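First up is the structure itself, then whatever we jot down about it.
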Amino acid sequence: MSDSQFSQDTDDDDFGGYIKIDRYNQERIDSLKTDYHNVLTQIGEDPGREGLLKTPERVAKAMLYLTHGYELNAEEILNSAKFKEDYSQMVVVKDIEVYSMCEHHMLPFFGKAHVAYIPNGHVVGLSKIPRVVDVFARRLQVQERLTNQIRDCIQQTLNPIGVGVVIECRHLCMSMRGVQKQNSVTTTSAFTGEFLKEKTRTEFLNLISSKLS
Ligand SMILES: Nc1nc2c(ncn2[C@@H]2O[C@H](COP(=O)(O)OP(=O)(O)OP(=O)(O)O)[C@@H](O)[C@H]2O)c(=O)[nH]1
Ligand SMILES: [Zn+2]
């Protein structure tokens, strides 16, 4: 499908401005509404009571929003703002908020991503890095795959001298159910090229642990 159906126009604010309610999306909403109506019944609720009347539709829209990364193309996003530039030091974008959902329980995991690359003749518009994180985060994921997908996309599209990605997240499937550990944080990392060398990796890790103020 085209990007126009998942644009950032604020006109159709039912989806926080991301998803246009065209025929394709309306069909998906209608189908999910039926499913969530059934979910409400199965958990022992009354889908007919006042507070729940619009809930199947709200959840359907929320779910499409939370997984809208399937409709986006990360390579296109990077290529749309790739500029020739003679800069060959590390570029680091840190503390990028991540909101994703684990593919096992469809419960949120959330935290921060830190992304770095060393340009090889081209830089990319800075905002495109968090956009790429979102393209892969807004899907059903495991944190390890999310980390690798961000690394691979940047490496393949920009062909830099190296890429480093570190992600730190809390998983609600580990805190509000299951093993019920409230404070555990999972850290994953993925590197290419120059970042496979200890010196570069250490520089990156030092930069993402430093505070601005
Ligand atoms: N590697 C990895 N595992 C994850 C991620 N998100 C959730 N999980 C794990 O996926 C596993 C699924 O294991 P199962 O034993 O099939 O599921 P479960 O019975 O619900 O497991 P518990 O959570 O231990 O109750 C669990 O250990 C989760 O903690 C992730 O991003 N990466
Ligand atoms: Zn889970």
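FYI, residue positions are counted from 1 along the chain as it appears here.
Each Cβ is built from the backbone N, Cα and C atoms, and glycine gets one as well.
Please treat TrEMBL annotations as automatic predictions, because they have not gone through curation.
The domain 'GTP cyclohydrolase I' annotation in TrEMBL covers 34-208. Mean pLDDT, taken over the domain 'GTP cyclohydrolase I' (34-208), works out to 97 on the 0 to 100 scale.
What TrEMBL records for Cys102, His105, Cys173 is Zn(2+) binding site. Just so you know, the Cβ of Cys173 (Zn(2+) binding site) picks up 16 other Cβ atoms within 10 Å once every protein chain is counted.
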By a simple count, how many Cβ atoms lie within 10 Å of the Cβ of His105 (Zn(2+) binding site), its own Cβ left out?
16
Within 10 angstroms of the C-beta of Cys102 (Zn(2+) binding site), the count of other C-beta atoms across all shown chains comes to 18
Sorted by sequence, non-Cys102, His105, Cys173 residues with Cβ within 8 Å of centre, Zn(2+):
Met101, Glu103, His104, Met106, Leu107, Phe109, His171, Leu172, Met174, Arg177, Gly178
DSSP output for Cys102 (Zn(2+) binding site) maps to strand
